[in-house]
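Listed features, source Swiss-Prot:
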type	residues	note
ACT_SITE	Lys73	active site, proton acceptor
BINDING	Ser22, Arg23, Ser24, Thr69, Asn94, Asp109, Tyr228	shikimate binding site
BINDING	Glu85, Gly134, Ala135, Gly136, Gly137, Ala138, Asn158, Arg159, Thr160, Leu161, Ser162, Arg163, Ile226, Gly249	NADP(+) binding site
Amino acid sequence: MDDKSMARGRKAFVTGFPIRHSRSPLIHGFWLKELGIDGSYEAVEVKPEDFSSFAASLAANGFAGGNVTIPHKEAAYAAAESLDEAARAIGAVNTLWLENGRLCGGNTDAYGFAANLDASAPGWDKADRALVLGAGGASRAVVHALLSRGVCHVSVVNRTLSRAEELAAHFGARVYAHSWDEAQALVSNAGLIVNTTALGMSGHGEGQDFPIDLTCAPKEAVATDIVYVPLRTAFLNKAEKAGLKTVDGLGMLLHQAVPGFERWFGQRPQVTQALREHILADMAKAGAL
């Protein structure tokens, strides 16, 4: 029996609350059509108080698995009977699947972050030092990716220093916490600068100047933002003006979807320019570029 036959009729989902904004159905729908797989992927809105019962009834509802987004990533971590290494390190689950009747959880955000940089800025992981702006939930996946790829020194800056200290304590050696006031001084020796804050994203002062001068960064430094709405954030615009190589956040969204699709439907999809243009067209239609 070939992979397409095995995947026939399989169902997967993305769940969050709210979920109407998700572009995951567009991504997976594109791959299902491209690969000729008779499966489905749907958005399912689940309230926080209903998540545990939803997770427990995946098999009964005919799902092979699915993606989990805000605010359910920690609840999915708690619900999973088995966790992959990335999920354990990050403390959150964004991908669920059933294996021999057991609910398994993984986290593909770190994979997606690194794969996006591999595709758009190959050699990025030669940087000895990285600067991560922000210490929210998303920054954990970024830090895990950096450590996994051998970055020697990761500086995390945050307006609330205790959040950065908590993150540094979680990951241990090679991760250092700093206050936001120290960010400017840290730019000068950072080979990779990652923005994980909401500064510059839609609804968070996207028209304003990013509050850090990037002109003193090493000329070979790479700057990337995990935000993809808008595609060109205030941070990326400033990095570009400073002459840095920039990588937008859309690729992270696309690449993080790959492992889950392969688990549910049995074929590994490719992140192509055609897929990117498909999502960009939807973003343009929604006025989200």
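Cβ coordinates are placed from backbone N, Cα and C, and glycine is handled just like the others.
Here the structure is a predicted model, which means the values were calculated and not measured.
Shown on the structure are the features that Swiss-Prot records.
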{"residue": "Ser22", "record": "shikimate binding site", "Cβ within 10 Å": "17"}
{"residue": "Ser24", "record": "shikimate binding site", "Cβ within 10 Å": "24"}
{"residue": "Thr69", "record": "shikimate binding site", "Cβ within 10 Å": "18"}
{"residue": "Lys73", "record": "active site, proton acceptor", "Cβ within 10 Å": "23"}
{"residue": "Glu85", "record": "NADP(+) binding site", "Cβ within 10 Å": "12"}
{"residue": "Asn94", "record": "shikimate binding site", "Cβ within 10 Å": "27"}
{"residue": "Ala135", "record": "NADP(+) binding site", "Cβ within 10 Å": "26"}
{"residue": "Asn158", "record": "NADP(+) binding site", "Cβ within 10 Å": "24"}
{"residue": "Ile226", "record": "NADP(+) binding site", "Cβ within 10 Å": "25"}
{"residue": "Tyr228", "record": "shikimate binding site", "Cβ within 10 Å": "22"}
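Between the two most distant C-alpha atoms of the annotated NADP(+) binders (Glu85, Gly134, Ala135, Gly136, Gly137, Ala138, Asn158, Arg159, Thr160, Leu161, Ser162, Arg163, Ile226, Gly249) there are 29 Å. Asp109 (shikimate binding site) and Ala135 (NADP(+) binding site) are 15 Å apart (CA-CA, integer value). Binding-site extent for shikimate: residues Ser22, Arg23, Ser24, Thr69, Asn94, Asp109, Tyr228, maximum pairwise Cα distance 18 Å (rounded to the nearest whole number). Ranking the binding-site residues Gly137, Asn158, Ile226 by Cα distance from Ser24 (shikimate binding site) puts Ile226 first. Long-range Cβ proximity for Asp109 (shikimate binding site), meaning a same-chain Cβ under 8 A and a gap of 6 or more residues, is found for Ala86, Ile90, Asn94, Ala138, Ala141, Met252, Gln256. Taking only the Cα positions, the spacing between Ser162 (NADP(+) binding site) and Lys73 (active site, proton acceptor) is 22 angstrom.
Its Cβ taken as reference, Gly137 (NADP(+) binding site) is surrounded by 17 other Cβ atoms within 10 Å in the chains shown. In the three-state DSSP scheme, Ala135 (NADP(+) binding site) is classed as coil.
Here the C-alpha separation of Ser22 (shikimate binding site) and Thr160 (NADP(+) binding site) works out to 29 Å.
Looking only at the binding-site residues Glu85, Asn158, Thr160, Ile226, the one with its C-alpha closest to Thr69 (shikimate binding site) is Ile226. Same-chain residues with CB within 8 A of the center of the Ser22, Arg23, Ser24, Thr69, Asn94, Asp109, Tyr228 CB atoms, the shikimate site residues themselves not counted, are Val14, Asn67, Leu253, Gln256, Ala257. The distance from the Cα of Glu85 (NADP(+) binding site) to the Cα of the residue listed as 'active site, proton acceptor' comes to 15 Å. Cα of Lys73 (active site, proton acceptor) to Cα of Asn158 (NADP(+) binding site): a span of 22 Å.
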